[in-house]
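Student: Can you keep this structure in mind? I'll have questions shortly.
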Amino acid sequence: MNIDGQPYRTIFPDPDGVSVQVIDQTRLPFAFELKRLATLEDAAVAIRTMIVRGAPLIGVTAAYGLALAMRADASHDGIDRAVATLAATRPTAINLRWALDRVSTNLRQVAPDERFARAFAEAGRIAEEDVASCRAIGAHGSQVIADLHRAKGGDRPVTVLTHCNAGWLATVDWGTALAPIYAAHERGVPVHVLVDETRPRSQGAALTAFELNGHGVPHTVIADNAGGHLMQHGGVDLCIVGSDRTTASGDVCNKIGTYLKALAAHDNGVPFYAALPFSTIDWTLDDGVKEIPIEERDGREVTHMTGRLADGGFATIEVVSPGSPVANPAFDVTPARLVTGIITERGICEASAEGLYGLYPERRKAA
Ligand SMILES: CSC[C@@H](O)[C@@H](O)C(=O)COP(=O)(O)O
């Protein structure tokens, strides 16, 4: 997608052929900076500190991280160590494990001196596939928006509420939840996006708003607690969120606060969709609430906020009564019964085992 008219992806090979460049998302929306990742440690730090974030992008970065590790140690032990280091960076997004499994399986089939090139190329293929998947999610999901526009009389924009950032910054390009919105906007269907601020890290206010601004998509940033009230008063036509891990039964794990929006949507008859690529589905799990590991992040994300001062400088300020204990679970699980449908690169299905296996019949055989 574009930044100041120039097309970018969130991660791309450096011209030197032995490293990658990423957009530093900890600096957005106020500064646009690229960061070069040249080693396993660079990639692990980038994922852990959320220089890169969003489930699909974490997966692609881990794949490149494994490739970069092969430059230092391409032995079997080296593969194991790199996989363990990268897998430990963030626990919830299954795309991370999925990408590491795919690249490491591939690597073990070739001699050590071929492993860097093999892994770098495989990471590039994963990135390309992610772009294609997200583009397809956009095409399928935009139909939902277009249908709703027509069903509501066609004389006003469709108001779509989204949570966190599941846009192009969370993937390699296009995004998951925002891809249908971009596609609808491009095909002339009027949309207005309600952007949940998404405390504590404010991915909605900082990143989703930045993206939508960059593409001229009308939007309004709202406080996290406003969604229920707006739904009660007919101010939301549709919710679309992303996912970090979706079970084979259709439970959707996404940024903390998603579940509350799904409850409010259910209570108010607002359709609630999750948009995700196949790499986000964990076919080994059935009960998302019991089985998906929820990342617990540093309490400092709750007690402090970073932003821009009137003079243009940056400051981190304390916002919680000093000494109060804090908790910071980073994700929650929305049970399938609250999800109207899952938008994937293969089409849209019911949030259920039947629905998902219907779209991915080859997985039924594997199960
Ligand atoms: C297309 S990304 C879907 C999710 O990864 C997104 O909604 C989300 O929760 C991101 O969480 P983050 O903690 O910013 O990595």
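Glycine residues also receive a Cβ, built from the backbone N, Cα and C atoms like all the rest.
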Student: Name the residue, out of Q143, Q203, that TrEMBL lists for the same substrate site as R53, G54, A55, R90, N254, K255, please.
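Tutor: My reading of TrEMBL gives Q203 as the candidate in that site.
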Student: Same chain, not part of R53, G54, A55, R90, Q203, N254, K255: whose C-beta falls within 8 angstroms of the C-beta centre of the substrate site? Give them in sequence order.
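Tutor: Near the substrate site, beyond R53, G54, A55, R90, Q203, N254, K255, sit I58, A93, C164, N165, A166, A170, G242, D244, F331.
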Student: So the record assigns R53, G54, A55, R90, Q203, N254, K255 to substrate. If I measure every Cα pair among those residues, what is the longest distance in angstrom, as a whole number?
Tutor: 17
Student: Please classify the secondary structure at A55 (substrate binding site) using three-state DSSP.
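Tutor: It is helical.
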Student: Measure from the CA atom of D244 (active site, proton donor) to the CA atom of R90 (substrate binding site) and give the result in Å, rounded to a whole number.
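Tutor: One finds 11 Å between the Cα atoms of these residues.
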Student: What are the non-local neighbours of K255 (substrate binding site), defined as same-chain residues 6+ apart in sequence with CB under 8 A from its CB?
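Tutor: Listed in sequence order, they are H163, C164, T198, Q203, V241, G242, D244, A330, F331, D332.
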Student: Count, for each of the binding-site residues R53, R90, the other C-beta atoms lying within 10 angstroms of its own C-beta, and report the residue with the smallest count.
Tutor: R90
